[in-house]
Each structure stands twice: as structure tokens, then as C-alpha cells.
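Worksheet: the structure to be examined is printed underneath.
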Amino acid sequence: MSKVLVLKSSILAGYSQSNQLSDYFVEQWREKHSADEITVRDLAANPIPVLDGELVGALRPSDAPLTPRQQEALALSDELIAELKAHDVIVIAAPMYNFNISTQLKNYFDLVARAGVTFRYTENGPEGLVTGKKAIVITSRGGIHKDGPTDLVTPYLSTFLGFIGITDVKFVFAEGIAYGPEMAAKAQSDAKAAIDSIVSA
């Protein structure tokens with residue numbers, strides 16, 4: 001039995017293409033892998049606090065006493081990291097906002113990236129500590145950006161996930177959604193076909 005963690009990060013709730021596709025992924029995965037456990041975390045419905053000068057102090061080893069706000073941030077960081085490490089497959093629904101990931105997803109990463117916990121520095125450079133996972137990124141875009149200089153989502157996510165130890169990453173693209181109903185329908189159809197292929201593999 002595998003454990004699957006789905007991270008939603010769109011501010012558009014049910015209108016979101018990436019949310020709809022991640023819901024489709026869950027439906028297909030449950031159909032093919034009925035014994036697996038699936039956890040869904042909606043980072044827009046339940047937002048992660050923005051990392052600031054106070055909160056960053058909670059995530060660095062120190063003997064200094066923590067403020068109540070820092071204690072809450074550290075407890076949440078511990079919870080998010082434990083959840084991430086406990087799952088085998090990580091599904092990230094990542095819409096493109098202004099060429100990159102959403103603030104909601106970035107806030108999550110800022111609390112998950114902790115030296116000595118999810119990565120460490122060695123003589124040979126940084127080493128990721130979240131290993132043995134597979135990641136599937138479902139990314140939706142209004143325009144066409146794949147393989148071009150305006151796609152900052154793909155390289156950023158590949159780099160971040162690899163940095164913490166997740167190197168088996170597959171991407172599902174839904175592009176051209178803002179180009180009209182016909183293009184949006186094709187984007188959804190192509191993305192669902194890609195999801196079907198991943199789920200059945």
C-alpha cells in the first residue's frame with residue numbers, strides 16, 4: 001500500500017483547472033489503487049503563514065526562547081515535514097501565476113525547507129533528506145509556456161524538489177487555457193490522458 005499526498009495551491013477553488021485535474025488524479029488513482037491512502041492538503045483554503053524576520057528564527061537551531069508565533073510556525077513546519085516524509089507519492093497541483101508558482105505553494109516550501117531536517121550541507125555540497133519519493137506536478141497555465149523562457153514553474157519545482165531529495169518528478173501540463181473554450185477543453189483532455197498514463201504505469 002502506498003500513501004499519496006496531494007497539495008493544491010490555486011486561489012480559484014473549484015474554478016481552478018489545476019484543482020480539477022488533481023481531483024481527477026485522485027479519482028483515477030483510487031480506481032486503480034483502491035488500497036492506497038490519499039491525503040489532500042489545500043494550501044489556499046488553509047494557508048501557510050508567510051515567512052518573515054520573526055518566523056525564520058523559529059526554523060533555525062537556536063537556544064533563544066521562541067515567541068508564541070514562532071512556536072506555532074515551528075509546530076506547523078514539523079507537521080508539514082512529517083506529513084511529507086510519511087507519503088510515498090507527492091502530487092503538486094501548481095498553477096502558473098505571473099510565470100511562477102503561487103504564493104500559497106511558495107509559503108509551503110519555505111516552511112518545509114529546513115537545514116538538518118529536509119536537507120543538509122556536506123563536504124560534497126547539499127544533500128536532500130526527503131528520499132524514496134515520487135512526485136507528480138500538475139501545472140496549468142493560461143498561455144503556452146512549456147520549454148520556453150517564460151516557464152519558471154518547471155525548473156523551479158525540479159530544482160526545489162531535487163534539493164530536498166525528490167528526484168523522480170513527472171510533469172503534467174495544461175496549457176493555453178485562456179485561449180478560449182476549445183483550447184481549454186483540449187488542454188484538459190491532454191492533461192487527463194497524461195494523468196491516465198501515469199496512474200496506470
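Using N, Cα and C of the backbone, Cβ positions are placed for all residues, glycine too.
What Swiss-Prot says about this protein:
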BINDING   SER10, SER16, GLN17, SER18, MET96, TYR97, ASN98, PHE99, SER140, ARG141, GLY142, GLY143, ILE144, HIS145  FMN binding site
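Sequence features, as recorded in Swiss-Prot, placed on the structure.
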{"residue": "SER10", "record": "FMN binding site", "Cβ within 10 Å": "25"}
{"residue": "GLN17", "record": "FMN binding site", "Cβ within 10 Å": "22"}
{"residue": "MET96", "record": "FMN binding site", "Cβ within 10 Å": "24"}
{"residue": "ASN98", "record": "FMN binding site", "Cβ within 10 Å": "8"}
{"residue": "SER140", "record": "FMN binding site", "Cβ within 10 Å": "28"}
{"residue": "GLY142", "record": "FMN binding site", "Cβ within 10 Å": "16"}
{"residue": "ILE144", "record": "FMN binding site", "Cβ within 10 Å": "17"}
Taking residues SER10, SER16, GLN17, SER18, MET96, TYR97, ASN98, PHE99, SER140, ARG141, GLY142, GLY143, ILE144, HIS145, which bind FMN in the record, the widest Cα spacing (Å, whole number): 18
